[in-house]
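Structure record follows, encoded as structure tokens.
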């Protein structure tokens with residue numbers, strides 16, 4: 001079982017590397033790692049489990065965050081309309097995105113970042129992601145709102161990008177041009 005001890009923190013060079021593609025069909029080892037990742041995210045949202053194992057609540061996790069430089073992500077997030085998006089994916093890739101941008105009014109956080117980083121993180125409002133599911137099936141997901149933001153955040157990790165790299169350094173709270181805020 002993964003715990004916060006397994007989550008590496010900013011400053012570790014692996015978080016700045018471009019992760020490797022996972023060979024499909026995935027090995028048993030990669031599949032088990034991905035299972036542990038989604039289990040961690042789900043457990044972190046369960047108050048009892050989070051307290052018992054000192055887990056920081058999270059809605060997504062990328063393999064580089066646990067020291068594995070491979071393209072794997074786990075996301076477990078509920079949209080504003082109550083729809084649950086729970087996915088454990090190999091080799092996720094954004095294949096299209098909207099012109100319209102958004103940002104979380106409260107800013108973004110990260111399990112690998114133990115400090116508050118103030119500022120707006122510009123994201124695409126809608127994205128389409130292509131990936132391979134944990135069961136080995138090709139999937140294509142059309143996402144908008146919070147799930148789209150979470151997927152962009154996790155896919156950034158696979159490319160060595162941290163959320164705060166997107167924040168305007170001169171004016172952290174400048175709303176990105178033509179964007180609409182998303183409240184969480």
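Using the three backbone atoms N, Cα and C, a Cβ is placed for every residue, glycine included.
A quick note: this is a predicted structure, and the numbers were derived from the prediction, not measured.
Database features, via Swiss-Prot:
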ACT_SITE  154  active site
BINDING   110, 153, 157  Fe cation binding site
Query = Tell me which residues of the chain lie with their Cβ under 8 angstroms from that of residue 157 (Fe cation binding site), as long as they are six or more apart in sequence?
reply = 15, 19, 62, 64, 65, 73
Query = So how many other Cβ atoms are close to residue 110 (Fe cation binding site), meaning within 10 Å of its Cβ?
reply = 25
Ask   = Inside 8 A of the center formed by the CB atoms of 110, 153, 157, which other residues of the chain have their CB, for the recorded Fe cation site?
value = 60, 62, 65, 108, 111, 112, 154, 156, 162, 163
Request  = Under 8 Å Cβ to Cβ from residue 154 (active site), same chain, six or more residues apart: give me those in sequence order, or none if nothing qualifies.
outcome  = 60, 61, 62, 73, 74, 75, 92
